[in-house]
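Let me begin by presenting the structure, written as structure tokens, before commenting on it.
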Amino acid sequence: MDTGGNSLPSGPDGVKRKVSYFYDPEVGNYYYGQGHPMKPHRIRMTHALLAHYGLLQNMQVYKPLPARERDLCRFHADDYVNFLRSITPETQQDQLRQLKRFNVGEDCPVFDGLFSFCQTYAGGSVGGAVKLNHNICDIAINWAGGLHHAKKCEASGFCYVNDIVLAILELLKQHQRVLYVDIDIHHGDGVEEAFYTSDRVMTVSFHKFGDYFPGTGDIRDIGYSKGKYYSLNVPLDDGIDDESYHFLFKPIIGKVMEVFKPGAVVLQCGADSLSGDRLGCFNLSIKGHAECVKFMRSFNVPLLLLGGGGYTIRNVARCWCYETGVALGTEVDDQLPQHEYYEYFGPDYTLHVAPSNMENKNTHQLLEEIRNNLLDNLSKLQHAPSVQFQERPPDTELPEADEDQDDADERWDPDSDMEVDEKRPIPSRVKREAIEPERKDSEAPKGSAEQARGFDNMATNETLSTKSVDVRPMAIDEPPVKVEQETSNKASDPIYPKS
């Protein structure tokens, strides 16, 4: 199988990359409810594997600052964000009309700590974008992010806040063009919709299509107005295997990189496209899934790796652990190390799981038609658009180091540019863990209500106005970095059946 990409001379595929990794120890404690397939506990399982394989030692580990309301409102409607902040399991019966309006309650339930959960995963994705913008790393990772279904005014498909859109908006401050690639089994509808009329963000989604959630992502959906041909949809059928997937992924993404020339790439690595997923129907191996990460890495373009779907959680942890190794350029042993979640991975206790013998309904003829259709669309983009930065928001600055550690209350001056990237040795296999730095505020107002469909006046304009993508501050009253605790006062996640 072809394993390479078109590596740039400045960064051969064998060269190690600097990787920033975002993780909050509390994220695994959030609980969607009994029987719900989305289990944030999978993020903690992934982190445990990374720790026991020794991969954390090779990355800069950050605890993300939680996104504040104003940060979320750079994309989401104010009243929707206010609703997420205020709703609780105890008060939801008094807000039935609001629940219906914002599509919250069934697939997207109200649970304890809902808004904190949203702040945490969004903060990690935006924080990763900031690190990339400031050349702190080559690759940033937030496995808690990638919730691609959330819309401007409503929750959808287990997703409440669209951290991907927020991260892309951050990247657009520094880069003229950003590429979004989605390998979740479900169509990346929330991200596509946000940038559907923009020629500065190209979205490419590989997904199951046909009587499958969310029902969007037809190959004929190609973008609109200035965004025409900047949305690519790759509709797939049940049982697609590694070889068939790469037959489409590599030539299409290779052509996208050649024609669009993005300054940064966001790759959503939803693991529900793996074989044996509880909700999925594809037949990718972990190595086949990770080959997409390897291929994107080979272009030597700033890369943000995010999580997404994935409902057989032992395989999700396997996949994202292996893909972290791919990002680092490190081989990971197939034999799993002993760790606190070791029993989840029986009876084989290996990292890789063989795909099934399910039928691949994607015929070679169908795959060729899809590939030729999409390559033809890409040929209609003569060259990468030239974007004039006549006016744009100020860069989100990484603050200067503050050597005065004596008075913590005086240290955190919200108007200062001081270091909150406090690096402390902590007991464990973690090399270091730091609080993600403060993001500097902007005086600009929020976007207008007319932007309900895709960023008509936001990401689509050739100039990024301060009105459309203003920099929002993050909370700086963060407690000191703490070592992950294995006990929790939140509802604990039940062990996923090891069938």
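Keep in mind that glycine also has a Cβ here, set from the backbone N, Cα and C atoms.
Copied from TrEMBL, the annotated features are:
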ACT_SITE  H149  active site, proton acceptor
BINDING   D107, G157, Y311  substrate binding site
COMPBIAS  397-420  compositional bias 'Acidic residues'
COMPBIAS  421-444  compositional bias 'Basic and acidic residues'
COMPBIAS  458-468  compositional bias 'Polar residues'
REGION    384-499  region 'Disordered'
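Within the same chain, the residues at least 6 positions away from G157 (substrate binding site) whose Cβ sits under 8 Å from its Cβ are D107, C108, H149, H186, F213, P214, listed in sequence order. In sequence order, P37, M38, K39, D272, D277, R278, L279, G280 make up the list of same-chain residues 6 or more apart from Y311 (substrate binding site) whose Cβ falls under 8 Å from its Cβ.
In this entry, D107, G157, Y311 make up the residues listed for substrate, with the farthest two CA atoms of the set 14 Å from each other. D107 (substrate binding site): 17 other CB atoms within 10 A of its CB, across all protein chains. The residues near the substrate site, meaning same-chain residues not in D107, G157, Y311 whose C-beta sits within 8 angstroms of the mean position of the site's C-beta atoms, are P37, M38, H149, F158, C159, F213, L279, G309, in sequence order.
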